[in-house]
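Following: one structure in structure tokens, then a few remarks.
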Ligand SMILES: Nc1nc2c(ncn2[C@@H]2O[C@H](COP(=O)(O)OP(=O)(O)OP(=O)(O)O)[C@@H](O)[C@H]2O)c(=O)[nH]1
Ligand SMILES: C=C(OP(=O)(O)O)C(=O)O
């Protein structure tokens, strides 16, 4: 029987006061940081429930997020480069591999509140067939997940139209059907509605109830 590959995930998270700025009209400055935290908590909890995930490293400078996400079982690494998303991801991958040389790593956004562990497992199973692989977001423009096998640099190129950049970088695109929850990032009010329709995790459901109230 072929043994299944295990993965270490790297999840970047901006300071909560700055995160999810495109939801400002929906949530307002009082509720938006809590919503961003709830997305991250539901994302991390689903990742940690995935059978092929060995560990989660969250790269963040936010003290509340650090406390809450480490309580779920994530390792927290400060955003020492302070040079944006891709620098944070490369830093997280280095932190993982400094403890586990040769680890297979996957970068995943923190804004996937509908994430299902079984769908993530399918995506990672498909990713194991390539040295580097990625999954496009629900809009088909960006990326929600990028993987690198052991010994292979992650070389993240997230931000805006990153699907084309990851494809051009030589990473293989994962084209699996039935993994909507892994593609469903939430940037806008429409995205949030779509995530709710898929079924969000418990912390996001509570935060959305506060929003509606
Ligand atoms: N550690 C770290 N994480 C980042 C940084 N920039 C973005 N992220 C995270 O990267 C992921 C994807 O970023 P975006 O979807 O643009 O999220 P966002 O910046 O919160 O959303 P907007 O403010 O609407 O652009 C989210 O999990 C962010 O929290 C950064 O400079 N450092
Ligand atoms: C960082 C990304 O997400 P967003 O579109 O939310 O900025 C990305 O898709 O590369």
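Note that Cβ sites are derived from N, Cα and C of the backbone, with glycine treated the same way.
A TrEMBL annotation is a machine prediction, not a hand-curated record.
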Co-listed phosphoenolpyruvate-binding residue [TrEMBL; alongside 159, 162] among 143, 144, 188: 143
Assigned conformation of residue 162 (phosphoenolpyruvate binding site) - DSSP reduced to three states: helix
Site of maximum Cβ density within 10 Å, from binding-site residues 143, 162: 143
